[in-house]
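Shown next, in structure tokens, is the structure this report addresses.
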Amino acid sequence: MMRTVVDQSGVERVDDCDKDKKKRRRSNRRSKANSISVPVSEIQGESSQSVGSGSKPKNLTSSMTNLSQKQHELEMLSSNDHRLTRASEASFNSMSTMHVNEQEKLVEGQNIQNAETFSNSCHEPIAQEGFKLIEVYAKPKIFAPYWSTEAVNQALEKGDVFKALFRANAHNRFEAYCKVDGVKTDILINGLAEQNRAVEGDVVVIKVDPLSMWTKMKGSAAVFNNSACAENCNLLPEAEEFSGDSCKAKSKLDPNYDYGQNGGDLLPENSITFVGGPFTTNITHLDLSGPENCKYVNGDHPSASDSSHAGCSSGQNELLNAVEMVSAMVSKFPSKRPTGKVVAIIERSPRRDAIVGFLYASQWFNHREGHKKEVQKNRSSLSISDHEYIQLIPNDSKFPKMVVLVRDLPDCIKKRLEDGDTTIEKELVSARIDNWGEDNPFPQARVLHIFGRGGEVEPQINAILYENAICCSEFSPESLSCIPHVPWEVPLEEFQSRKDLRNLCIFTIDPSSATDLDDALSVERLSNGIFRVGVHIADASYFVLPDSALDKEAEIRSTCVYMLKRKLPMLPPVLSENVASLNPGVDRLAFSIFWDFTGSGDVMDRWIGRTVVQSCCKLSYEHAQDIIDGRMDAEGSSTIGNDCLQLYGRFEWPDLIRSVKNLYEISKHLKEKRFNSGAIALENSKVFLLFDEDGIPYDSMFHERRNSNLLVEEFMLLANRTAAEVVTRAFPDSALLRRHPEPNMRKLKEFEGFCYKHGLELDTSSSRQFHLSLQQMKEKLKNDSILFDILISYATRPMQLASYFCSGESQNNANDWGHYALAVPLYTHFTSPLRRYPDIIVHRTLAAALEAEESYLKQKTMQKANPGKEVTRRCFTGIRFDKGAAASLEGREALSAAALKHGVPCTELLAEVAAYCNERKLASRHVKDACDKLYMWILLKNKEILLSEARVLGLGPRFMSIYIHKLAIEKRIYYDEVAGLIVEWLEATSTLVLSLYEYKRQLRKGGLGHYRPLEDVALVVNPYNLGELGESVDECTARAQMGDAAGIAGQDLEAISKTEICPAVSPLTVHLLSTIPVALHAVGGDDGPLEIGVRLYMSSYFSNSCFGSGR
């Protein structure tokens, strides 16, 4: 058995070599005095220092080399340089203060200092404080120039390069990944030189390296041992499916377009400025202006039978051949990871304009103080030069550190700097990347906004909204003028043109706090055991007319944004919560779909139309669950639990209770059929934060999905499927659909291997087998629900993102239209028009299909061409589609006229709408996740310490990855190079042994070694201080105050004494899936990004002083 012991005592013994060491240190110091910064390609330092989350960077001794060595290393940088994977961020270098114009004084051959120093153990960036010089005129340049537009277009046509979305690894920014359509494995872009100034979210052009340069693929063990899933998308399904967007492999550039001169990027600008909230937000917006015949479907409308497109061009064939070639190589060499490099940026990420972070000006202040005496001596004025820089550290580790010119700072910040106000470092700011030249290791940015203290809630929320380009302003007067005045009543003409359903028992089931009620249900029992179920959706498209001011604003917002304690609506509340909402007891307009079901859940017939409805009751999921569970019997009551319910209209409680129970029975059949057809459910319990009356989180709890949730979900899924089928058949080139590709097979196989290693069988041959395997695991792990939650969380990672798309844009790839998780060939969003803009588009398309159907049938009836033949009813929206009617001249004319009337977008415009909605949906998800993390951080900040158990997911000699069930989050603990801690890593058995020991620092001043203190990694308590069983908190606290042997504050000890979590005892032996105790705490706020810190929770009789500080 291989046994490697990492001794971290950091002890240096004085021996006969002391004199030589002193000479070397003096020589090093002299070299540093003359050193300058160099490109970021120097990525492997010899010294190391770990920087914890949220702490400010420290000065660090760096290794030295000469200019020629640096130039040689620049030339040798390549994507298969494995040293790059060890670093997580570029660092700034500590150096004597210089101005940009002083670089002319440098002489060739002068020794220079590493611009990059990385710890072999540190996962965080090792940035160095200081006022930095970033421009160094050393040749060769750091980055290659971008290809020209013409060269890019030619290469795209030939298939020599590919268009892809650039995604950086949050744990290691030197690793980035690009997804090429048709290639099942992402392309690794390894190293800053290969990334060529691309940042997270850029659409780039990449050139794939030859096979000889491909790196070794991480195996399944490596994936779970490192937990460094660079391509992670730890998203749970949305009702549950996946959200997001993808990038096409081929897209030509317009050579006549003015792409600007920003760093040589090919960067088209297509945005408008939208004023929102306390700041101005730049939001990409679709240009809907132009001739009507360019915007909407009109003229001859293609039928389902003649909607095929011309064959691929020769350029497309070359591209397909290139994709097939790369894909074949990936399949032939599964152990190899394809690599590549960025040769051009054709679309900037919107995030470039909204980098949120903190200014770091400590070294600038020191420099300023040093010059004051000189200024006073010379009796001159102290002014800011044109070349002074300070550092900006982004909150998002996917982005590089930046420099900002002091002269370009807003006046309010500049004045605070001149006044020596060091609290400026606690302010959360936003900046825009202005330039990143070929010879600069770091981008130059310009600060645009200052939000406030980083430790406060409102500045954090404003920053989250800003960096995701969320519109949070009030609705414009023009938009509000499109909404009828309240109180509003259904116009008489609508009763004449719609089906009146007010005599049906219709009701809503929503969360108890819901105010925008956009879906309702009904059920009737017909003869012969047939049930007629109705789904009724708020008819928002009646109020949101195409091209109106309200329509344009709804499109810009695209979706509602949820932030736990706050919601930003897509539509004005007077519409979404009143006029259009299906509130009980009032007449409302709806789109309704009816299905006739047999007792076994088979659909016999259906009807779709615009209706007038009146909901008789607003049920919550809790109310519906009480009815399902029989806690409200047929005798009925006006109360369930402590909630008062009101019933409207002529219906009685037995009617409502019977309807809910019938719907539940039918939904069980639908669910069974759906999973038998191959659907997969990746759901686990979710964490909900509990808030006090002041809106402050005080605890968390788990929330399980109830049967009432599943009841509603089944009928909403069926409604979305039905709508997708109708709009695709009627308008095969202009249907807005939603697809979910098959999962990443490599990751799926890795997950399969992980399960097999731990005695769990997983069959991923089909989605149905995948689902059955997970259900078997759930049964097998019924006594270990935490492990099953972990498995579900990992099972989501191979899943790719679902996205909206236009059917006409993907006619040649109709096989890729399906939804993997739902196992259906066609899917769209129809059921939430008050919250999602795509649903409004689908409503308009359905309305056009209905009107075309009515017009066609009326025309055929009037012609009476075949008196003996009955005209088919519901030829476009019924369960059986009449292809002949759609292909006929009358049918095409009817469909075209209806599409133009209802504003059905043409293929090109609809593709743009789909892409924009994908972007906004993903941004809203980022906002929700960020706000969840913010309030979780506030919870931990108020609690000081939160003890919990954690399961070990990944294990290695440097760090472990753990799953903390109480908060349902995954975190890392780095334990290398820690004073007072011995790490023993047993490679053969993947076993870790951590031992505490008495540490006595013997390092002399100037000696090597920067070790982190033990308190950064472990909360160590003295068993004596915890008190005997039954001892009061006050007694424990008093004892701790008398002799704080474990270094624990009184409030921390109080938190510890209230928990049943027991500390681990040294030595701690850890295996994969072990359960260990951990201590959680809030990190950052005023001094850095918000993070949830985690430490081992251990006990020892050593005093805190025995472990040393490690500094």
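Cβ atoms here come from the backbone N, Cα and C positions, even for glycine.
Curation plays no part in TrEMBL annotations; they are all automatic predictions.
Sequence annotations record features per position, and here TrEMBL assigns region 'Disordered' to 1-77. Feature annotation from TrEMBL assigns compositional bias 'Basic and acidic residues' to 10-20. Taken from TrEMBL, the feature compositional bias 'Basic residues' covers 21-32. Residues or ranges marked as compositional bias 'Low complexity' in TrEMBL: 40-55. Per TrEMBL, compositional bias 'Polar residues' is recorded for 56-69. What TrEMBL records for 498-852 is domain 'RNB'. For Asp510, Asp519, the entry in TrEMBL reads Mg(2+) binding site. Annotation source TrEMBL lists site 'Important for catalytic activity' at Asp518.
On the backbone, the CA of Asp510 (Mg(2+) binding site) and the CA of Asp518 (site 'Important for catalytic activity') stand 9 Å apart. Across all of the domain 'RNB' (498-852), the predicted model scores a mean pLDDT of 92. The Cβ neighbour count for Asp510 (Mg(2+) binding site), using a 10 Å radius over every protein chain in view, is 19. The 10 Å shell around the Cβ of Asp519 (Mg(2+) binding site) contains 22 further Cβ atoms across the protein chains shown. Neighbour density for Asp518 (site 'Important for catalytic activity'): within 10 A of its CB lie 24 other CB atoms from the protein chains shown.
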